[in-house]
Amino acid sequence: MAEKRNIFLVGPMGAGKSTIGRHLAQMLHLDFHDSDHEIEQRTGADIAWVFDVEGEEGFRRREAQVIGDLSERQGIVLATGGGSVQSKDIRNYLSARGIVVYLETTIDKQVARTQRDKRRPLLQVDDPREVLESLAEIRNPLYEEIADVIVKTDEQSAKIVANQIIEQLGF
């Protein structure tokens, strides 16, 4: 696996993709990118605005373009959006262009980590837990389908999880 130089982090909201990704990139001396941040940079607006104006379909179109572009680079760690795996094109990009690491977490941890975050449009509802459970049913099999490595993120610091990923990848 070590011949694939890019590392792509997939997993649900609140799994720690961005935080762990930054640690991982620093430890491996790779460039770090976050697909949501890149979308915001390219549009000049936050994700919530893109959802409001263009809907989820418009956001997903932008996400596929951004991940397609970023995954063509070499030597990066990319934190993807939680729903990106719902796109077959994105799953194909990630599988073909790097090592895919699924950061797995429980619904309880997701709720705890995202409850005060107003930047997550899909969770601005009365019962975010119900939304997270519904998304998990759809997305978890897709994360598993493309994962080269699965790492649980519930009980450990981001730095420890990054070290576990490095060990599992043999870097």
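Just so you know, glycine gets a Cβ as well, placed from its N, Cα and C.
Neighbour density for GLY16 (ATP binding site): within 10 A of its CB lie 23 other CB atoms from the protein chains shown. Swiss-Prot lists GLY14, ALA15, GLY16, LYS17, SER18, THR19, ARG120, GLN156 with the feature ATP binding site.
The Mg(2+) binding site feature in Swiss-Prot is assigned to SER18; the stated evidence is sequence analysis. Within the same chain, residues at least 6 positions away in sequence whose Cβ sits under 8 Å from that of SER18 (ATP binding site) are ASP34, HIS37, ALA79. Classification of SER18 (ATP binding site) by DSSP places it within a helix.
The substrate binding site annotation in Swiss-Prot covers ASP36, ARG60, GLY82, ARG139. Around the Cβ of ASP36 (substrate binding site), a 10 Å sphere holds 22 further Cβ atoms from the protein chains shown. Mapped onto three states, the DSSP output places ASP36 (substrate binding site) in helix.
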For GLY82 (substrate binding site), just count the other CB atoms lying within 10 A of its CB, please.
22
Within 10 Å of each Cβ, count the other Cβ atoms, then let me know which of the binding-site residues LYS17, ARG60 comes out lowest.
ARG60
Helix, strand or coil at GLY82 (substrate binding site) [DSSP, three-state]:
coil
Count the Cβ atoms, other than its own, that fall within 10 Å of the Cβ of ARG139 (substrate binding site), considering every protein chain shown.
19
Between GLN156 (ATP binding site) and GLY82 (substrate binding site), the C-alpha gap once rounded to whole angstrom:
20
